[in-house]
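These features come from Swiss-Prot:
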BINDING   Cys60, Cys62, Cys75, Cys78  Zn(2+) 1 binding site
BINDING   Asp450, Asp452, Asp454  Mg(2+) binding site
BINDING   Cys795, Cys869, Cys876, Cys879  Zn(2+) 2 binding site
Amino acid sequence: MFELNNFDAIQIGLASPEQIREWSRGEVKKPETINYRTLKPEKDGLFCERIFGPMKDWECHCGKYKRVRYKGIVCDRCGVEVTKAKVRRERMGHIELAAPVSHIWYFKGIPSRMGLLMDMSPRALEKVLYFASYIVIDPKETPLLKKQLLNEKEYREAIDKYGEDSFVAGMGAEAIQDLLGQIDLIAGSKELKEDLKQSTGQKRVRIIRRLEVVESFAKSGNNPKWMIINVIPVIPPDLRPMVQLDGGRFATSDLNDLYRRVINRNNRLKKLLDLGAPDIIVRNEKRMLQEAVDALIDNGRRGRPVTGPGNRPLKSLSDMLKGKQGRFRQNLLGKRVDYSGRSVIVVGPELKMYQCGLPKEMALELFKPFVMKKLVQDGIAHNIKSAKRMVERVLPQVWDVLEEVITDHPVLLNRAPTLHRLGIQAFQPVLVEGRAIKLHPLACTAYNADFDGDQMAVHVPLSVEAQAEARFLMLAAGNILKPSDGKPVCVPTQDMVLGSYYLTMDRTGAKGEGMTFSNKDEAVMAYESKYIDIHAQINVRVYKEIDGVLKSGIIKTTVGKLIFNESIPQDLGFVNREDEKEKFNLEIDFLVTKKSLGKVIDQSYMLHGPTKTSIMLDNIKALGYHYSSIGAVTVAASDMIVPPVKYDLLHEADETIDKIEKMYKRGFISEDERYERVIEKWTKTTEEVADALMDSLDKFNPIYMMADSGARGSKSQIKQLAGMRGLMASPSGKILELPIRASFREGLDVLEYFISTHGARKGNADTALKTADSGYLTRRLVDVCQDVIVREEDCGTDNGIYVSEIKEGSEVIEELRERLIGRYTAEDVVDPNSGEIIVARNEYMNPIIADKVVSAGIKKVKIRSAFTCNCKIGVCAKCYGMNMATAKKIDIGEAVGIIAAQSIGEPGTQLTMRTFHTGGVAGSDITQGLPRVEELFEARKPKGLAIVSEIHGNVRIEETKKKRAVFVMGADGDERSYDIPFGSRLKVSDGDYIEAGDEITEGSVNPHDIMNIKGVDGARRYLLSEVQKVYRLQGVDINDKHLEVVVKQMTRKVKILESGDTELLPGIMIDIFDFQEANDKVREFGGEEAKGEQSLLGITKAALATDSFLSAASFQETTRVLTEAAIKGKVDPLIGLKENVIIGKLIPAGTGMMKYKGLNLNTKNEKIEENETEIVE
């Protein structure tokens, strides 16, 4: 059975005139649209009902046939078929042109495809097409050359000289069409291949480009003549609608205006040709027709754009596809959906982790069809119509039915911007009064939501399958870990942290200290009866079952800790239960801060899984809120105590600065050095004041409690409140050497206040710019990785990459342990001391094994990696390793490319924007933060380039008055010299031994240089560690595997150098697996293999170089991508996610993969016979 949307690939090509006539339902002959009196379409016009179908369902133009019973009849009076009005969205028309015109995409694009094919410059081509010059089509016996251009005067002279019929020349698209028809593609291709062998330089480049176009036409079966249009298709009228406004005026789509100009000029040209008008008039009309068609296809590509009222350029067919408002991004990749609503969110602390509060009226509207069905089922309403009436009148019975319907029917909540997959989660709805959605406080972090007026959208999964997926994969209680680094995302914040902190504090000398109680309950009762303080150190006998025997012991603790531990599993490994002394101790016997809560949740998840953890989280939430209310922590001005030491420290700093000034005035130190020392001194003084402040604050000081617990605020903010504000940056980003000495408690004077406004404004400006930049980076990352899916279990490769800790100078940025957890080994890991195998090859490393490896003193390990995965598309489960979001091995069908892009893009907004200026010292002004990440992913030449050694060898530095030079002496006597520019800082010293690819001066390295020196692996390692450095310095953890996925996509292409006996053309980019395949084929027959080099593409280039033209066209440069794809007759294999979303199929990830296609749901609660069940892979 043929299903329309069950196809495997989609192909694009040039349309022949016959094809266009076949699509069409009739010719549009008149420029009229709608009759303004009758409001009915004009016959043969742009909205003609005979061509495009009826305006109203089952009704012809003249009104002879009305009603559905005449379905399919063509009216004998007006010729309109009686059918649904929806056909006006799919029926096309056409315009027969009186003279052929060229298609602007193929003539004007860069490079001009028409120009390359005919071997003419685009400028010459333009002269011919727009009737400025004649072109010689056939010189016959005359000495004229084929394709020679003649202006009017030369043409007349040639005719006088050689006679009327002695040669053929023409102008306009007709002449070009004749010439295109004469091209022999196969012979041309052979000839070009011969020329290629002899040519070099610029000429070779041109031949390669021409060869590419010629081969495209030859292989795709497109006829070059089809680049010239004889028939123009007219798109269906409902895609270019005309609507009546209130005042009786009409609003129309720009396309109608553009079509109207084409029809008018075409009809005028026909008339002129019939009259036999003079050549010059006809020629002018033909040129105008050509311009009208250009404007219709791509307005503004050549010359001035055609404008509508108010000088606004009209939107042409190309503009309909381009950009954010174009067809691809606006209607195909994201659509508005039914069964959705949005409202303001408020906090719902009483909810369970998997619940959300849904306003009653919203729920009724969202679940309307379900409620109606249930009303009929339960016999409350007799038919659907009366059920609908009941719902619309909101009768009391409806609410009970609604309650039943929404039990076990999860809804999806989404908050924009959705930066990572945790921005959409599923919840079990609970009906609430009011009109606000209630959100669980622990879900806020994932959504980055707060309750200052944020809004969220609700979506209802309709089908049983969708509900099942929402419940099992998207329920908020299951999404406890972050997919980017595997750390918990549901960590309690603010009040909850403060309450837990308050609960687990100790206070010496509190009421009831030293008392002893026979069990927990007695101690809690004593607290509730106000005999003891919640923070008092007491002794309590606790009972525990050990090996089936009930034993007891006395422990020293506080009531607060007893209460807190009731909701915590007592086996998380914070206490060594083997030790006799610690057998009965409480699991959480320390002061709880936000950090330690994170560790508790992490441990609980690893040991007990998501369900138990989410129950524990709800308990911590309840305790936290309750005890933060009881603790009643407030802030007053009296809590900010300025440390008395501050003034001594400031005095001492002033004296030091005076000394530095004196040294500078006497010429002992330079201006830069003076500046650096002053800054250093003030930084140190500020730190000292802050330390003195923190030491002087009482442990029960509310401000100290908030900061120490991690509930709100930080040391640097307290420093500003009661210490000193310290150094500020000027608008240029340079640090001012005058610090702000006052704190907010003391108050700033006018100058200090003014200086601090610079920073405030810069902060705001940066945030606004950063959001847009970060969003665009995410979009490019998604586009480059979207087709990376886990496709198989094991690709069987023997390769891997060596990993060791990443360092920035002497500081370790990422530890080896972190890089090993959740990965597979690529070779046996052997203990260097005992020689025993710690981990065998292809083994999975969990945290315990990773600790073993590190403690054995091993510094580098070879692991399986996405870099070396052998999958032709996507990656395999073993090369990828652990799924960070579940801490288990990854499943087949997981869309790891999208997850990688989101994990890198989501923290983008936390990165800094600005370059830090440490006072204009050269070499240290390197880009950081977001611009640096972008620079790396786009593989650009960085600012502040470092000089890199090309060979291994020893360093010799020579300084003369004029310059410094560094010589590297290789072992084989090879010597390279590098001139060091003034102001650069050296990273090497005399006599050092350096490797190829090591930096000689400070700065960033051009990744392409590393590619040339160290090869693909070196470049990949460099990119990975450099991006990691930027994120880690900002305190953002991202797992390596996400970066590996992206960097692999950047290095997938091979540039062909020599084609050998393959069909590959030199100079083109091709996927590395296709390259290997082509070479394998040639090798079988003993031919010469193609030679190529792996290239490094930036993410934008890599996204555009994908095999899928749909994905590339919907990303950027739509017209260019489609032009190229059409000429090549490209086939889109629909492998990635984007292509499938565009054509409206299920994405090939998760349950949308091919192997699940045949599964049918058993929804009828039938028992499946044991022997019938098939085990589904």
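Glycine is no exception: its Cβ is also placed from the backbone N, Cα and C atoms.
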Problem - Packing count at Cys879 (Zn(2+) 2 binding site) (other Cβ atoms within 10 Å of its Cβ) - result: 29
Fill in the blank from the handout: Looking only at the binding-site residues Cys60, Cys62, Cys75, Cys78, Cys869 (Zn(2+) 2 binding site) has its closest CA neighbour at Cys60
Completion exercise
Asp450 (Mg(2+) binding site) and Cys879 (Zn(2+) 2 binding site), compared by Cα position, are separated in whole Å by 39
Completion exercise
Least surrounded, by Cβ count within 10 Å, of the binding-site residues Cys60, Cys78, Cys795, Cys876 is Cys78
Completion exercise
Cβ contacts within 10 Å for Asp450 (Mg(2+) binding site), all chains included, total 10
Exercise for the section: Under 8 Å Cβ to Cβ from Asp454 (Mg(2+) binding site), same chain, six or more residues apart: give me those in sequence order, or none if nothing qualifies. Expected result: Val344, Ile345, Arg415
Handout entry: Cα-nearest neighbour of Asp452 (Mg(2+) binding site) within the listed binding-site residues, Cys60, Cys78, Cys879
Key = Cys879
Exercise for the section: Fill in the CA-CA distance, Cys75 (Zn(2+) 1 binding site) to Cys876 (Zn(2+) 2 binding site), as an integer in Å. Expected result: 61
Problem - Distant-in-sequence Cβ neighbours of Cys62 (Zn(2+) 1 binding site), under 8 Å, six or more positions away - result: Cys75, Arg77, Cys78, Val80
Completion exercise
Of the binding-site residues listed (Cys75, Cys869), the greatest number of other CB atoms within 10 A surrounds the CB of Cys869
Fill in the blank from the handout: Residues lining the Zn(2+) 1 site besides Cys60, Cys62, Cys75, Cys78 (CB within 8 A of their CB center) are His61, Gly63, Lys64, Tyr65, Asp76, Arg77, Gly79, Val80
Problem - Proximal residue to Cys60 (Zn(2+) 1 binding site) among binding-site residues Cys795, Cys876, Cys879 (C-alpha distance) - result: Cys876
Fill in the blank from the handout: For Asp452 (Mg(2+) binding site), the number of neighbouring Cβ atoms whose distance to its own Cβ is within 10 Å equals 6
